[in-house]
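Asker: What Swiss-Prot records for 361-377 is compositional bias 'Acidic residues'. What Swiss-Prot records for Lys488 is SUMO2 cross-link, and it gives a large-scale study or a structure entry as the kind of evidence. Among the features that Swiss-Prot reports, phosphoserine is placed at Ser15, Ser28, Ser70, Ser87, Ser89, Ser92, Ser96, Ser233, Ser496 (among others). What Swiss-Prot records for Thr49, Thr598 (among others) is phosphothreonine. The feature N6-acetyllysine is assigned by Swiss-Prot to Lys637, with a large-scale study or a structure entry given as support. Taken from Swiss-Prot, the feature region 'Disordered' covers 1-67, 361-383, 447-467.
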Amino acid sequence: MGPPGPALPATMNNSSSETRGHPHSASSPSERVFPMPLPRKAPLNIPGTPVLEDFPQNDDEKERLQRRRSRVFDLQFSTDSPRLLASPSSRSIDISATIPKFTNTQITEHYSTCIKLSTENKITTKNAFGLHLIDFMSEILKQKDTEPTNFKVAAGTLDASTKIYAVRVDAVHADVYRVLGGLGKDAPSLEEVEGHVADGSATEMGTTKKAVKPKKKHLHRTIEQNINNLNVSEADRKCEIDPMFQKTAASFDECSTAGVFLSTLHCQDYRSELLFPSDVQTLSTGEPLELPELGCVEMTDLKAPLQQCAEDRQICPSLAGFQFTQWDSETHNESVSALVDKFKKNDQVFDINAEVDESDCGDFPDGSLGDDFDANDEPDHTAVGDHEEFRSWKEPCQVQSCQEEMISLGDGDIRTMCPLLSMKPGEYSYFSPRTMSMWAGPDHWRFRPRRKQDAPSQSENKKKSTKKDFEIDFEDDIDFDVYFRKTKAATILTKSTLENQNWRATTLPTDFNYNVDTLVQLHLKPGTRLLKMAQGHRVETEHYEEIEDYDYNNPNDTSNFCPGLQAADSDDEDLDDLFVGPVGNSDLSPYPCHPPKTAQQNGDTPEAQGLDITTYGESNLVAEPQKVNKIEIHYAKTAKKMDMKKLKQSMWSLLTALSGKEADAEANHREAGKEAALAEVADEKMLSGLTKDLQRSLPPVMAQNLSIPLAFACLLHLANEKNLKLEGTEDLSDVLVRQGD
């Protein structure tokens, strides 16, 4: 084998010659190989060992230029357009030959590609350096098939070139700042270097685990721009003021004790801390406070005053007359029976256990009506009697048989409820006329809207507009097109109108042909009715529609209840006087459901006759109570006015035993600002004596308006101003006033 030196240049020569043999026009951009500067071939006679002079010199400037151009070609090959042309120049030539040499066809195709990308706004940093429209601008404008002054082509070319240049500038700007950012980074620490080395070794071993990037710690340094957020306002520096306290303090009146806080404030827990209403917690969510340990309190000093106060007090006033040793059961029973008799004599007493009076129908057998199924089902008209003059008054409340006249006082049964139903309802009826009107037929099943009685009807307020008659003057020229033109008004019914006209709006509820008379008939004995109305009075029942709401403000009610005939004050008086008619005959009966009987027929005296409480008729109402005489109660109708300043001066003059002139002189000295020796209380004085002396020293009007609370409030003000000491007496009946220390 020969030396390897001569064989290497031969191989390189052959490869280079083969590379040069391919024309540039036949190669595509993706397959194009750019020739690199090769070292000069060594002579064949030189031995295999190379000599330093045979190697080319290192050109740094040329290498920098090649690196810059390599980026351009990389961007060129990475573009999306497959037919995008790249510069065919070689990097081995000098700088003057960097402009690519394209044919006219390639220039035209390159121009159309640039205009298309510019129109679609797809020029980015990736393909901006591969578009050579700026380099071939002059050749494009000077082509033979176009005119030299084609401004449309020039404008489009200039617009696309501007966009390409702008994107190139942005790309260079971004690269520069990226390089500057890399220069500003600190040197990696030893831990990061070890981490990179470990990651590199892991990658070499075939692992695909990515290195965990360390989290960057962002240091936020915020400087407040608004100075008002740093400064505290004057309102926040002040103590929080309670609005309830402001309102209470503003309404404080020196002339009365209503504004004293001690009488209005409350305590919340055992600490007896006075709290304003705004500070009181209605529902406390915290744990309740534990009570402190109760210690012993020394009460030896209070023993004597408490014993003195307890001597004059009664332990139980209700048992003050009770004696343990001298108590007698007979005397006690007599007092109790006298008290019970006193209550029994009252007219308003009601005894639910009272015995019912015997019925006038003596021939009727005993027993309840519900158990007698064999009784006659037809109405019995013989029980009414021959007194026809009472028939017109008794028929509305008359029952069909004597057994039904006595209605039991059962709770919630039909026999208790039916007598309350009146077919001629009035203002004292149990049910309202409007509710009873629902049984008048299908037309009245719906409740009617309530009519306004006071307000005048709307039909009266609206004036009737006179409609002008339509006349046609045959002698006048009338434009019939105006009357027969097509208007904008709809000629068909709308959808909403058709929906409203449904069967509910045009059809009455189903009529079940319910007979109202069955409501007052018994189920097992239809012939017996609980209520029956005379045929002559059936027409009069229609007057309920005219009944208006009861006016409770009428003069009869507002002036001492309802005036009328007074009931007898005593149970022994005759009740027949209440039923005497205008002619002297008995026109009404205390028994509205029974025929009247004389005292001789009944066997009882007139005093024994009374109202039957078990008969509930419409006219048998409760008698009105005894009318109370109108008694005028005298009370203070005007507010008391008191000059507190003058009252304090008078009280202070009495405490210091000064005359009137001396008190006025002291007041003048105080107003002038002169310093004078403060007067002191001469001797101990009592509040009761001060009040009596004030009534004599004050003017008549002020003396009349003076009261104990006002005098005590004035004394409290003086005690605060003059340093007085107030002490209570042992029996707490008076206040002792003396000069403080």
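Glycine is treated like the rest: Cβ placed from N, Cα and C.
Quick one: how deep are these features, and who are their neighbours?
Answerer: In the structure as shown, the Cβ atom of Lys488 (SUMO2 cross-link) sits within 10 Å of 4 other Cβ atoms. The DSSP secondary structure for Lys488 (SUMO2 cross-link) is coil.
Cβ neighbour count for Ser70 (phosphoserine): 12 (other Cβ atoms within 10 Å of its Cβ, all protein chains included).
Its Cβ placed at the centre, Ser233 (phosphoserine) has 8 other Cβ atoms within 10 Å. DSSP gives Ser233 (phosphoserine) a coil state; it is part of no helix or strand.
Take the CB of Ser496 (phosphoserine) and look out to 10 A: across all protein chains shown you find 8 other CB atoms. Taken residue by residue with DSSP, Ser496 (phosphoserine) is part of a helix.
Note on Lys637 (N6-acetyllysine): other Cβ atoms within 10 Å of its Cβ, all shown chains, come to 5.
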Asker: Out of Ser233, Lys488, Ser496, the recorded positions in the record, which is closest to Lys637 (N6-acetyllysine) when you go by Cα distance?
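Answerer: So, spelling it out, the nearest of the recorded positions is Ser233.
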Asker: Between the Cα atoms of Lys488 (SUMO2 cross-link) and Ser70 (phosphoserine), what distance do you get, rounded to the nearest Å?
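Answerer: About 80 Å separates the two Cα atoms.
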Asker: According to DSSP, collapsed to three classes, what secondary structure does Ser70 (phosphoserine) have?
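Answerer: Once the DSSP labels are grouped into three classes, Ser70 (phosphoserine) ends up as helix.
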